[in-house]
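Peer 1: Just passing along the structure, written as structure tokens.
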Amino acid sequence: MSLLFLRRAKPLFVSCCSATHSRSSFLSPTLTNQLVRSFHGSRTMSESEKKILTEEELERKKKKEEKAKEKELKKQKALEKERLAELKAKQAKDGTNVPKKSAKKSSKRDASEENPEDFVDPETPLGERKRLSSQMAKQYSPATVEKSWYAWWEKSDLFKADAKSSKPPFVIVLPPPNVTGALHIGHALTSAIEDTIIRWKRMSGYNALWVPGVDHAGIATQVVVEKKIMRDRGMTRHDVGREEFVKEVWKWKNQYGGTILTQLRRLGASLDWSRECFTMDEQRSKAVTEAFVRLYKEGLIYRDIRLVNWDCILRTAISDVEVEYIDIKEKTLLKVPGYEKPVEFGLLTSFAYPLEGGLGEVIVATTRVETMLGDTAIAIHPDDARYKHLHGKFAVHPFNGRKLPIICDGILVDPNFGTGCVKITPAHDPNDCEVGKRHKLEFINIFTDDGKINTNGGSDFAGMPRFAAREAVVEALQKQGLYRGAKNNEMRLGLCSRTNDVIEPMIKPQWYVNCSMIGKEALDVAITDENKKLEFVPKQYTAEWRRWLENIRDWCISRQLWWGHRIPAWYATLEEDQLKEVGAYSDHWVVARTEDDAREEAAQKFLGKKFELTRDPDVLDTWFSSGLFPLSVLGWPDVTDDFKAFYPTSVLETGHDILFFWVARMVMMGMKLGGEVPFSKVYFHPMIRDAHGRKMSKSLGNVIDPLEVINGVTLEGLHKRLEEGNLDPKEVIVAKEGQVKDFPNGIPECGTDALRFALVSYTAQSDKINLDILRVVGYRQWCNKLWNAVRFAMMKLGDGYTPPQTLSPETMPFSCQWILSVLNKAISKTVVSLDAFEFSDAANTIYAWWQYQFCDVYIEAIKPYFAGDNPTFASERAHAQHALWISLETGLRLLHPFMPFVTEELWQRLPAPKDTERKASIMICDYPSAIENWSNEKVESEMDTVLATVKCMRALRAGLLEKQKNERLPAFALCENNVTSEIVKSHELEIRTLANLSSLEVVSKGQHAAPPGSSVETVNENLKVYLEVDGAINTEAEQEKIRNKIGELQKQKEKLQKMMSVSTYEEKVPANIKEDNANKLAKILQEFDFFEKESARLAAETSNSGNQ
């Protein structure tokens, strides 16, 4: 039946927030009952989005919206025509026809009142307060509701924090998303959680600041742009040159940086955009340079030639934490970037080195046989008697004749492993590197930066890719008769987390941060009670923190990239230097803030000498600038008003996967350069997986774009996104297959509020979230329920309603007292959960109050008060209006941090209290706090009895009647005592209303025999209910139910009697427990008696029926 809302005419019937929606059916929604997108689903695009569309696309969109609007108007007119026909039919049936003339006037008036235009929001100029329709739309439309509010919030400076405010500060910095394309669902989770926190704190009286920023993402961005240039122009970055390539990256940043910020706005993120930053903007670059110079001057940054993790695809060093290891048990073929055929791993290859002077040979084994081209020694254990005769001898390299000293090293060599002889390649193995330093061996690098054999590897192999050289070396060894075979070997293989390339240890000069001291300080503030200034949520990550920082190594911060912060170091080449290569002399480096400063410092360092300065071409690790983020976003190194007011920040919210990448480095840098721990609490959110628990991957096609969930997208639209991306054509095919399987019908429009609420409610799922889009769809349907609840309230409140200045719950009807009491409890529980960072519990508490208490119970319970103008309910009606308004107004404020758009729109529609200046927006209202005189445990206890009774009545109805039957039935309540009897009698109206009963007769034990044709259900030990369904009773089914009940009672009785019959029972069991057991047994026997009589009653009814 349609919902009719007339301005002056009385509503015929209103049905909303039906209690028939069960918990399970709501939480497991199906796509079949999704709302069809109508004109209300269209929206006005933001200016930033318009820039992305062409004029032709805008014109097409405009025509589409106009067409949709015409369709909606026609639909509304058709509904109005149908409604008038129903009205006339009802009047004819009821004999309430009015004279034709009068009816004609009335129908014209009603038709004008239901003008479809009244249900459509007028267009709102960008940045102005949203202009709402005079009548609420018949259905919730996320696109319509979410339109216009954000631009108004932003233009009104509602997100802006004041550095001069006297309010206590609360500060969060947004983990800056990479400028590599669009936001993903993980960013949406971050935004949903952080915006929930910041809106809650803002409403709780804090000077709340949430700082936005975008990260330049050195390696990630360079990889993306390199792929784009290769795809578009067939060129590498080396082909286009550094200067041109960097220009291309800036173009990419300017294009996609705006997209990311637009998406954050669509997510409702209440970020202070006046403080927006980019990690390579002028102020952040100044901070990076200052940090590098200060740390260098203090001796914490230094340059050294060390073995590094080298990525041959990226041609750069990467840090230890960017290496992912896989365990290989035996011979395994793996796909390696840049190689057509899979490469063998998990083999231990043995070969012989001939000894100088014809003394024989030594056999060595390796998993990387190609590295023998760079061998410079063979190590044995000094105490190994087998090789005593080889001390001080040499082996000869079979390919180049190089003499390899046989050295004794008791640290590296295990005489009981293999042959007891170990080949040493100092330039390409961490352990061998240490041996090379101990024995002053030659370090021979055999690889080019892109992973090919260089001239040091010999002319027969030079130019070969390293894994092709592996095969060639084995063949060459076989030809010389030196190959001794290969066998399976367990090993750990290091892969780059970004490119999946096999890491090659390479000897390179790099810049490092000495982390020993600052790492210890960062550890102490999290684990020592006397210095504890940092807390992790969940607490389990404290152990992870300890593990990382107790084993911390110096941080390699230089990268051989073109995109990023150039290292502020210059090399001075002196005129007198014999070696002119940059970096040849380690003491010729000068670190300074500018080139002029460097020149001045070099002039002082090399007094009277001529020199040329060359800036280091390398850039800094992205995490270096990110590690300064809490400092740099507030103006550091300058002592700004923001820095004084807002540093240190309050909370860091991020994913646990970057605990060491980012969190540890921020703590180390913040303490060293800012003087304090940069935040006092770190909340680690779970990592999002797909519904099957798989990691989201573009190549699998299971990556979810938050905008596609908000706006909805067809399967074809999902495919199009893949085609426009950077995936290899083969990967596109696989990804499309994954999309067909996961999203056969695309993704329905869910809206921002539903997506946010779903993501926050998922946070209780340990360290991983298995995101099911159907759950988001369910919360979108719930938004429709909230919408209908307010529509119902607006009609019942009426145009002239004025909310009360004060409220006295004790004078209100029972259901009103109850809804305020449970609301009070929900408020307290929500605040406690938010304080504890238990966001899922907070969301579920709010959801449960709205869904199961306000909509399912309270709205249904007060409907009799509004059924006509019955003077009997005049007082109750007024009280119900007040409780309805206060519940809605408070409930919307409680929900707002989680669902900002729908709560703002619904709150703005509520009438304001008279003579009270209303806040402009719900987001700057006070967050609800518990009110002492609202709590009423007695009322809640009695309502528990009422609802338990209703539940039993509904169960009886469901078991006895077909689902489509909804007639009111007579019922009886059999009470064991006066207290129960009084409760049921006092709340007869609520029970009859909620259980849809025609009557409810309350009787005490022994006063009433159950009527024929009735079925019984036990509410509790003191209350049983009967539902009378004439002719619908299945006596055999009823008897089976009673037999099962008697069987359960028999088990309870036997268990209790067995315990009470123990010989020592009377002596050893305390008197109070014996008394309790005796009472339990008495009640069981009483129940026995009752159900035996019920069985006899049903048998008699069956017999009488048969006799008739």
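All positions are counted from 1 along the displayed chain.
Placement of Cβ uses the backbone N, Cα and C atoms for every residue, glycine included.
The following feature annotations were taken from Swiss-Prot:
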type     : residues  : note
TRANSIT  : 1-46      : transit peptide
COMPBIAS : 57-93     : compositional bias 'Basic and acidic residues'
REGION   : 57-138    : region 'Disordered'
MOTIF    : 177-187   : motif ''HIGH' region'
MOTIF    : 695-699   : motif ''KMSKS' region'
BINDING  : Lys698    : ATP binding site
COILED   : 1032-1064 : coiled coil
Peer 1: Over the motif ''KMSKS' region' (695-699), work out the mean pLDDT and round it to an integer.
Peer 2: 73
Peer 1: Do any residues of this chain, six or more beyond the ends of the motif ''HIGH' region' (177-187), have a C-beta under 8 angstroms from a C-beta of it, and if so which?
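Peer 2: Distant Cβ neighbours of the motif ''HIGH' region' (177-187) are 214-217, 220-221, 224, 252-253, 256-257, 259-260, 263-264, 267, 278, 655, 687-688, 696, 703-707, 709, 759, 771.
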Peer 1: By a Cβ-Cβ criterion of under 8 Å, what residues six or more beyond either terminus of the coiled coil (1032-1064) are in contact with it?
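Peer 2: The answer is 959-961, 1013-1015, 1018, 1074, 1077, 1080-1081, 1084-1085, 1087-1088, 1091-1092, 1094-1095, 1098-1099, 1101-1102.
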Peer 1: Which residue counts does DSSP yield for the motif ''HIGH' region' (177-187) in the helix, strand and coil classes, in that order?
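Peer 2: Summed by class, the stretch gives 3 helix, 1 strand, 7 coil.
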